[in-house]
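What follows is a short report on a single structure.
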Amino acid sequence: MLPSQHLLHTAVFALTVLQAFAADTFIAAVYEHSVILPDDTHKPVSPDEALALMNKNMDILEGAIKEAAQQGAHIIVTPEDGIYGWRFTRETIYPYLEDIPDPVVNWIPCTDPTRFSPAPVQERLSCMARNNSIYVVANIGDKKPCNSSDPGCPSDGHCHYNTDVVFDPEGKLVARYHKYNLFMSEKQFNFPKKSEAVTFETPFGKFGIFTCFDILFHEPAVVLVNELQVDTVLFPTAWMNVLPFLTAVEFHSAWAMGMGVNFLAANTHNTKLSMTGSGIYAPDGARAYYYNMKTEDGHLLIAELNSHPRLSPASLPAVSWSSYASSIKRFSLDDRDFEGLIFHDQFTFTKLINPEGNLTVCQKDLCCHLSYKMAGRQDELYVLGAFDGLHVVEGQYYLQICTLLKCKSTDPNTCGQPVEVAQTKFEMFSLSGTFGTNYVFPEVLYSGVQLAPGEFEVLNDGRLISKTRPTKPIVTVTLFGRWYKKD
């Protein structure tokens, strides 16, 4: 780099830092990427072939990063698997991996690419950040040699980690996170020996990072927010939507609200695998989000966020989630209850028979209470449901869920099956439950998989209530509780 170019870059970077210091807000970007996938093969490709595929994906990501920077973004998050995709065995992923050093080494790959072992992907990501004066968050694979005498060392002598990296506006590696809670299909990767709580400071707040399935577990997700007090969480993900509660946009928005932090979620885009749904979320609702199951296009989101959301007047007050529900008597009797499955979990349901009323349904220690009034009844069946138990399908974690739910048809046997479209509006609803956990995430999902930012609120006694009259047509209203201590 010529001296004049270096001085120009330094001046631009310094100006960016000063501007960020002077502001209580920052501009965030996430990019939902339609990943170019490798061929499905059982034989490893050459390193050159692997890099050629990764460069095709990085060409697209670089375009999104440039556009985000031109629109003033300070940071951009790209998806899990966004550089090499999936379809790997342990053997076939190896050519795609690089040795990623600990950030304490104070390394800028863009200006010093030969300091460590060959790392063309890290070099290019570093240059994207440096050339555009923006924080870049990406997901790549880390390989580390291990001692064959260690019982945890694989027979091939090295560990593979699903890894997030963060480069600052100078191109310096400032964060490296190894995914701790691997999804069941990630057999090409190893678990790190212990969970990592990765944070880094920026001129616009303290940031933490974890990946996809990690969000459902105490470590590292809750540790970052409650113990390390991060302001913003970065979340590369490859999220396969599961209605009615685990669609990306609804759950990620609810998690940001329940935890009281900013949440930048960048999803991969693949409609065949039901992968879509990215967003920029604040504690009081979505600032921008994207859900598209019709086309295979990528999409860039940009929005402004408070640097320190806990200090914002819009921040939720402390909620006693069981306060209201524990103080009232049951609204209805057990003789109307019936059982049904939602994502393999057996719920207890009761029907909303009348256009308005009060209902209770209980399962084990959880009783869910609903007060409601429909705004003109449609020929649709709604139920109030409760689940209090251990979910055991793609992982084991303890849930307590209260939900107002539209059934797929008027046949009660369809209650719990995926539904995206509804017609019934509500004049009001109030949902609460006798939760045994303080980790409860409030969701309202409208017809067409649309969120409802600003159209509902959570009272400090644990009631989730509507604010608009009438609402838009409702698919679900849910309080999704995680009882980590019972896992």
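Along the chain as shown, residues are numbered 1 onward.
Quick reminder: no glycine exception, Cβ is built from N, Cα and C everywhere.
Pulled from TrEMBL, these are the features on record:
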type	residues	note
SIGNAL	1-22	signal peptide
DOMAIN	35-307	domain 'CN hydrolase'
ACT_SITE	Glu80	active site, proton acceptor
ACT_SITE	Lys179	active site, proton donor
ACT_SITE	Cys212	active site, nucleophile
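Rounded to a whole number, the C-alpha distance linking Lys179 (active site, proton donor) with Cys212 (active site, nucleophile) is 9 angstrom. All chains included, 26 other C-beta atoms sit within 10 angstroms of the C-beta of Glu80 (active site, proton acceptor). Cα of Cys212 (active site, nucleophile) to Cα of the residue listed as 'active site, proton acceptor': a distance of 8 Å.
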